[in-house]
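These features come from TrEMBL:
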type	residues	note
SIGNAL	1-16	signal peptide
DOMAIN	6-224	domain 'Ion transport'
TRANSMEM	26-44	transmembrane segment
TRANSMEM	65-84	transmembrane segment
TRANSMEM	126-145	transmembrane segment
TRANSMEM	165-182	transmembrane segment
TRANSMEM	194-219	transmembrane segment
Amino acid sequence: MRTATYFFIFLNLSLALFEEPAVYPLPFLATSVLEVLCLLVFLGRLTHFAQVTLHNMFWKDTKNICIMVAILLSLTDLAIYGVLRLYDVRSIRWSRIVRPIFLINFSESRQIRRAFRSIRNTLPEITYVFLLFMFSLLMFSLMALKLFGERNLQTAEGLPYFRNYLEIVFDLYVLVTTANSPDVMMPAFDFSSWYALFFIAFVIINTYIFMSLFLAVVYNNYKKHLKVIPGGACD
């Protein structure tokens with residue numbers, strides 16, 4: 001039963017690869033039949049669990065409620081999407097976001113729920129570090145706007161360079177990962193090599209200091225909550 005449950009959960013999650021917009025597109029009838037099959041298996045698994053559980057305990061368990069709501073939402077969305085396709089009306093499958101609920105809330109997924117709850121309990125404690133990082137990013141973006149925005153610089157593609165604040169925030173956010181380094185600094189470096197100091201300071205503070213601090217806080221708090229939460233508390 002556990003192996004079958006995990007198989008159909010995996011199949012249900014994998015349907016995202018074959019539904020529009022798809023990596024490997026399959027006909028709508030094929031994906032819809034597979035999804036209905038998965039939902040019927042989940043419903044049968046839930047019905048079986050209800051038969052061997054006290055009535056009051058079954059309805060007090062939020063995991064069972066979540067699974068039933070997810071099944072209902074998935075079937076409703078599938079029906080609406082199918083009707084709209086008949087009338088050639090373009091729509092999206094919004095119920096895809098509820099599919100991980102099946103992975104988390106079945107009774108066999110105790111360890112997954114334990115890890116999920118540890119992540120959830122860790123989030124409030126890493127908010128302060130994240131806000132400090134965002135403040136640093138926004139301040140450096142403002143400095144970049146003042147330094148480069150009025151010099152009419154252009155990128156290699158001939159586009160305006162660092163003249164829009166939101167675009168600067170995004171470019172510097174990507175620079176934290178060094179994915180656009182050193183391309184993002186070349187227009188400023190070509191204008192004056194001293195401007196490289198700005199990007200060096202940004203990388204040192206945000207990539208090497210804040211990212212290391214952020215990772216340390218996440219790891220320590222996650223490990224702490226993983227030890228505090230007993231195995232039975234996840235049921």
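Cβ atoms are placed via backbone N, Cα and C, with glycine included.
Unlike curated records, TrEMBL annotations are generated automatically.
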Beyond the flanks of the transmembrane segment (165-182) by 6 or more, those residues with Cβ under 8 Å of it: 137-138, 140-142, 144-145, 189, 199, 202-203, 206-207, 211
The transmembrane segment (194-219) versus listed stretches 26-44, 65-84, 126-145: most Cβ pairs under 8 Å: 126-145
Spatial neighbours of the transmembrane segment (65-84) far in sequence, C-beta under 8 Å, 6+ residues away: 28, 32, 35-36, 39, 42-43, 46, 59, 90-91, 93-95, 98-99, 101-102, 105-106
Taken over the domain 'Ion transport' (6-224), the model's mean pLDDT: 88
